[in-house]
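A.B. asks: Quick one: the structure is below, and I'll ask about it shortly.
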Amino acid sequence: MDSEDEPLLLQGTWNLSEFEEQEEEEEEEGEGEGGTEQPAGNEQVCKGLWWAFGWVYTQPWASGLVLAMGFLVPFALSAYMFLRCEPLDIDLSYSAFEVRSHASAERFDALTIAVKSQLGSWDRHRRDAEGFDLEANALRDLFLLMVNRKGKDVSTVVNVTEPAGILGQTETGAHNDNRQKRRFAGYSYLQTQALWRIELVFVAQGDKDNNIFTPERLHTIHHVERLLMQHPQFQQFCWKPLEMLRDLPLGPSFCSPPSSLLSYLFPSERGGKIYYDGMGPDLADIHGALSLAITHPQFYWYVDETLTPDKLQSSLLRSEIHFGAPLPSFYSLQDRPLEQRRLFRDFVVQYADILSQQSTSKVKVLYGGTELFDDEVRKTFHSDMLLALFSGGCITVLVYVLTSFSVFLTFFGLASIGLSCLMALFLYHVVFGVQYLGILNGVAAFVIIGIGVDDVFVFISTFRQSAHLTCSMQRMIYTIKTAGRATFLTSFTTAAAYAANTFSQIPAVHDFGLFMSLIVSCCWLWVSILMPAALCIWSQCGAAHANTSPLAVSTEGSVGVVSARLQKLLRHWVAEPVVEKRKTIIGVYVLVLLGSVWCCCLLRPASHAPVLFHRDTNLQRLLDLRSNLSAQGIACHMCSGGSSKHRCWSVYSSGGLLTVYVFKLELGSAVPLYRYSLSASVPGPWQASSSTHGDVPFFQAYSSPHSNFSTRMSVCVSHAYHPRPRWMLTLRSCDASRRWRSEFDFYVASVEQQHSRRVKLYFAQHTISPYSSRVCEGPPGCVFSSGPDGPTQGSFYAPLPVKISRTSGFNPCSGGQCGKPAVRPLVDTGAMVFVVFGILGINRTQRSDNHVIGDLGSVIYDPDFDVFNEIGHLCKLCKAISANTKLVKPGGAQCLPSGNSLTSILPLLHPECHSLPEPNLLPGQLSHGAVGMQGGRVHWISMAFESTTYKGKSSFQTHSDFLQWESFLQKQLASLPASSALRRGFQTCQHWKQIFMEIIGVESALYSLLLSLAICIASVAVFTAHLLLLLPILLSILGMVCLVVAVMYWLGWEMGAVEAISLSILVGSSVDYCLHLVEGYLLAGDSSIQRQTRTLEAADHVGVAIVSSAVTTVISTVPLFFCVIVPFAKFGQIVAINTAISIGFTLTVTTALLATMGPGDFTRPPRAVLKAALVVLIVGVCGGVLWWTGSQFAPDTLI
């Protein structure tokens, strides 16, 4: 509905007979009602309603009152809405596009509600850190009861002689907790429960072979993880599990390090032991560390699916940093939970700026997780919305210029648009009862600026062009009638195009269509009310005389210098050549139409999942990668090396340099004891030897012969003949006959080494009890006897003491100690399909809307479902489905809520339950299978299967997988007895909801396109009231839409939900310009001139207006190009493309068609509109009846 209505730049050459006829009819009606005429100058002013409008809008005080009420009413209603009504929620979630009324959504929602009612939350049954599953134990006890009733022996069943086990485990856990509390009495138990997390994904880039396990990339990842832990507030929010108390390098805070494979690759060393906590500064041997890590099934959670034990390469690496609750100054998780969440949110969003700067040419750092991802989405949305300010600024400048630099008209013109937004919001929220604003509604901030300003221009231009009317009341009535009718037609078609989307089943699209249709309608109404009042005050307060006194003098002045020149250019370079070569242009139009139709046929459905953000953004890349990663419901906070059984590793067996530490014990006598150890810490009362008095605190040696360092020395220890152990250094073997035994050996040099860094040390054994050996830097005080050097006295050369990293290049698998690689577990990389029995559907009769937020409804259970009667069929179905390798991954069948206890009992109930497939799960992860019990009865059961469906495929490609699942399951259910309640079972999956969201979105958008086309055809038919005027508009619209779709094909786009929704409004916006041209053709009607001349007159007067309208529309949508949110950007691009094509078609094709087939003597008599409306009504009723009849015979499908 674009600005369009400068077509109403009516001048003295226009045919005003139609308006005169209407005024005469209104005068006659006024006389018939007893009205009186009041002359104004030499003109007669009509009576009735139009006279009332004219009188109000010619009195400054009345116009001022209208302006005041125009401001007061929206503000008052808005105040009521914000203060007294429920607040509007901003729904930026992806789930806002889910179709809740579709069968796939109803099925999954029914299962979700059933699970929540049974367990309290959807994910609680999927992983239980305490190691037991309440529902599995309850079901086991129920099965045992049935087995006992059948009189079968259950003594061989595993763990059935124990009680449910919950109480015993709880007591044991409490005992262990108390023991740990006594051991760590000074430890704070705040932040011990993992509640929040930051999810990190490091993606290799920059190489052909993008392997993340290279030293450069691993050092980058290690730097990022350490950087996050160095945040000043990290210790206030970090997770502090009791398991971390065993990791000495983590003291004194004992914050849990990141859950990452870097715990193996960057271990730390303390006290001669290696801790796999990722806190070390040096990189271990990559292959050895990965060989150790892959022995744990949790390893596969961190890498992509291409990694195998034979090829330890991955394109990405996952990591998680967990944060604990309750926070300091809070007693528990339930203590002010919202305040705890707010404090964490304020803290964690600080990481966004840090992480956004950590990517390198080799590693792309992606980040998300609790609060951080949502905050990133909100910031992106708000930053895109700020672009509307730029659009508004450009439009403000344009309005200011085109209103002859009138601040007064600029202010009230823009104010009328803003007030209409408040009115539309009130109607949307209060009257229609919609509680949510979706992400698509943000487009309104851009579009309404261009639409509203166009209406403002029409009123200002029409008022200026009516300066030839000397009576102020007649001039105002003419302005209201002419501009109001023109803007009404264009606003109606645009609003109808948006309103057609309200028939969509997608909540976000429905709400978007409703909101846009309301805002367009309110904009027309408020501009029509306020602008005449503003023009009245402006014209009578001197501004009009100062700015527009030349307007009444000349035609050029009446339209402005710029407009006059543009009008001449359009006539000379566009209108006249088009009319002259109209047959050629029509021929080119036919060729373009055929080519466009051919390109439309080549446009393919989307081949990938919907894109919400630019491809290179953190948000979109993280969303794309989630198709390759495990499901978010699987938490792996205990998957890293810090939680594994190999979390601590001795370094005694490592080769290369050793550090021999010297400890000293003063006994109060003249001869102290010396102790030698490879560990940096030993029990008290031993103390590290100092460097005073010639003592050596430590020295280095080799663990094996190395170059000239080939002299072996032994450290011997004896516990005999003395109350304390004694240590001795010797060049010989330890003398067992004297109770000396070897503790460890090392290698040094006996002669000075050339070109090597070494130090000479002296050693000697004291000749006085307790006969301990001492190492020192020089002979004074170190050599205890004057005899020659011997096995226990002398000197040696050791490597210079340098700081040796025990973890650098450390290979824990050097001796083949790591074991076999673990089998890849089930980590939900495929779509999880649930086969459900005992649930008939969902009851949503209490819900009045189709939105995703709020109460989902209640479950309808199958009263005939009896798990004991159907147990054989259930086991048979489980085996049949798991055996279908085309649908189910190996090890992906999860028929039971939990593991071995039920597996051992079920064969006693039915022979079919022998050898049920066992799922390959992560340690500690419970089955996705679920069961609903209440009052000792099983109400429903669901079996879970990880399908082979890749979640990164497009919805149209994935739809075939859904059909295969549906047909296979129905075939299996059909083979069951007719009396079986299992025949009413169904399969459902969260991924099915997402694919139908896009499929239905595209289909509903195309239906909306057809509906808006029908509405526009009906509107234009009523307006033109002539077939030869309707036909050029229809042909123009057909060419415009086809060419826009062809341009989408040339740009490489595919038909997805965003493109389809954008196309659905094209008809309404395409009809505006050609409709204005046809209106100009009617107003320029004169039976004495030919259709070519009449077309030139229409183009001459309307061309400037529609070109100005196109400019304002493009200016308002260009900022959308730069939005990060792809639906915004695509919408802006399509609207801009459509605007350019529409103005081009209007100035060429519509002009040529009017000059060729337009009726030369048609002037649209008043009764012609009524006749056309009657014909359109009859055709519409017949079409509706035919559609309803066809829908009754159409087959019902899930789609």
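Even glycines carry a Cβ here, placed using N, Cα and C.
What TrEMBL says about a protein is an automatic prediction, not a curated fact.
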A.B. asks: Of the ranges 582-604, 1134-1156, which one does TrEMBL list as transmembrane segment?
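C.D. replies: Of the candidate stretches, TrEMBL labels 1134-1156 as transmembrane segment.
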A.B. asks: When secondary structure is assigned with DSSP, how many helix, strand and coil residues does the domain 'SSD' (432-537) contain?
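C.D. replies: DSSP composition of the domain 'SSD' (432-537): 90 helix, 3 strand, 13 coil.
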A.B. asks: Under 8 angstroms for C-beta pairs, at least 3 of them, ignoring pairs fewer than 6 apart in sequence. Is the transmembrane segment (1134-1156) in contact with the transmembrane segment (1030-1051) by that rule?
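C.D. replies: Judged by the Cβ rule, the two regions touch, with the required three close pairs present.
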A.B. asks: Residues sitting near the transmembrane segment (1030-1051): Cβ under 8 Å, six or more positions beyond its termini, same chain?
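C.D. replies: Residues 589, 592-593, 595-597, 599-600, 602-603, 1009, 1013, 1016-1017, 1020-1021, 1024, 1059, 1063, 1066-1067, 1070-1071, 1074-1075, 1078, 1134, 1137-1138, 1141-1142, 1145-1146, 1149-1150, 1153-1154, 1157-1158.
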A.B. asks: Sort out the residues at least 6 away from either end of the transmembrane segment (61-83), same chain, that have Cβ-Cβ distances under 8 Å to it, and list them.
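C.D. replies: For the transmembrane segment (61-83), the sequence-distant neighbours (Cβ-Cβ under 8 Å, at least 6 residues beyond its ends) are 55, 412, 415-416, 419-420, 422-423, 425-426, 429-430, 526, 529-530, 532-534, 536-537.
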A.B. asks: Which sequence positions outside the transmembrane segment (408-431), separated from its termini by at least 6 residues, show Cβ-Cβ distances below 8 Å to it?
C.D. replies: 67, 70-71, 73-75, 77-78, 80-81, 85, 88, 392, 395-396, 399-400, 444, 448-449, 452-453, 456, 460, 514-515, 518-519, 521-523, 525-527, 529-531, 534-535, 537-538, 543
A.B. asks: Restricting to the same chain and to residues at least six past its boundaries, which positions have a Cβ under 8 Å from a Cβ of the transmembrane segment (385-402)?
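C.D. replies: 409-410, 413-414, 442, 445-446, 449-450, 453, 456-457, 460, 560, 1108, 1111-1112, 1115-1120, 1122-1123.
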